[in-house]
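Peer 1: Feature list, courtesy of TrEMBL:
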type	residues	note
DOMAIN	2-136	domain 'Nucleoside diphosphate kinase-like'
BINDING	Lys10, Phe58, Arg86, Thr92, Arg103, Asn113	ATP binding site
ACT_SITE	His116	active site, pros-phosphohistidine intermediate
Amino acid sequence: MSNRTFTMIKPDAVANGHIGGILNMINAAGFRIVAMKMTQLSAAKAGEFYAVHKERPFYGELVEFMSSGHIVAAILEKDNAVEDFRKLIGATNPANAEEGTIRKKYAESIGRNAVHGSDSDENAAIEGDFFFSGLEKF
Ligand code: CMP
């Protein structure tokens with residue numbers, strides 16, 4: 001079990017002014033921010049990041065949305081980080097997200113769902129490396 005996970009605050013939440021609110025929830029849940037940056041993905045980079053979903057019917061929409069505005073990428077640290085962070089963000093579809101979760105509070109729809117969280121330790125490492133160099137991950 002690794003103690004790190006990766007997150008992105010997605011373009012909907014950034015555009016709606018929720019960076020601060022989401023970071024507060026992340027801090028209040030006991031995660032340490034190891035690395036963080038605000039950037040915008042090109043369609044090519046968003047496609048690469050979400051390559052595992054290439055065959056899904058929503059892939060084109062996902063890539064278009066994720067490259068439509070600024071995102072905040074971050075590496076987070078806490079015991080049991082991947083699992084605990086997925087509990088904090090809630091179900092992918094906000095209609096199914098529990099009270100107290102980030103998606104319940106901030107997500108608009110299954111596509112515009114405010115935040116991404118890695119689904120495994122392996123993907124957390126791959127996704128963190130996608131955005132941050134070794135020097136940035138202290
Ligand atoms: P995320 O955790 O970032 O990983 C893949 C994303 O695909 C997911 O969040 C959703 O935002 C998006 N996604 C999943 N299902 C759908 C869908 N049916 N329509 C649009 N986007 C989807």
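Numbering starts at 1 and runs along the chain as displayed.
Placed from the backbone N, Cα and C atoms, the Cβ positions cover glycine too.
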Peer 1: Could you count the residues of the domain 'Nucleoside diphosphate kinase-like' (2-136) that DSSP puts in helix, in strand and in coil?
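Peer 2: Taking each residue of the domain 'Nucleoside diphosphate kinase-like' (2-136) in turn, the totals are 64 helix, 24 strand, 47 coil.
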Peer 1: How far is it from Arg86 (ATP binding site) to the residue listed as 'active site, pros-phosphohistidine intermediate', counting Cα to Cα, in Å?
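Peer 2: Each residue's Cα considered, Arg86 (ATP binding site) and the residue listed as 'active site, pros-phosphohistidine intermediate' end up 9 Å apart.
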Peer 1: Taking a cut-off of under 6 Å between Cβ and any atom of ligand 1, tell me which of the recorded positions Phe58, Arg86, Thr92, Arg103, Asn113, His116 pass.
Peer 2: Phe58, Thr92, Asn113, His116
Peer 1: At the Cα level, what's the spacing in Å between His116 (active site, pros-phosphohistidine intermediate) and Lys10 (ATP binding site), rounded?
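Peer 2: About 7 Å separates the two Cα atoms.
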Peer 1: Return the residues near Lys10 (ATP binding site), defined as same-chain residues 6+ apart in sequence whose C-beta is under 8 angstroms from its C-beta, sorted by sequence, else 'none'.
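Peer 2: Counting only residues 6 or more apart in sequence, the Cβ neighbours of Lys10 (ATP binding site) under 8 Å are Phe65, Met66, Ile71, Arg112, Asn113, Ala114, Val115, His116.
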Peer 1: Out of Thr92, Asn113, which of these binding-site residues shows the lowest number of other CB atoms within 10 Å of its CB?
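Peer 2: Each of the binding-site residues Thr92, Asn113 was scored; lowest Cβ tally within 10 Å is Thr92.
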Peer 1: Which residue, out of the recorded positions Arg86, Arg103, His116, shows the minimum number of other Cβ atoms inside 10 Å of its Cβ in this structure?
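Peer 2: If we count Cβ atoms within 10 Å for the recorded positions Arg86, Arg103, His116, the smallest count is at Arg86.
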Peer 1: The domain 'Nucleoside diphosphate kinase-like' (2-136): mean pLDDT?
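Peer 2: Average per-residue pLDDT within the domain 'Nucleoside diphosphate kinase-like' (2-136): 97.
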Peer 1: List every residue in the same chain as Phe58 (ATP binding site), at least 6 positions away in sequence, whose Cβ is under 8 Å from its Cβ.
Peer 2: Gly111
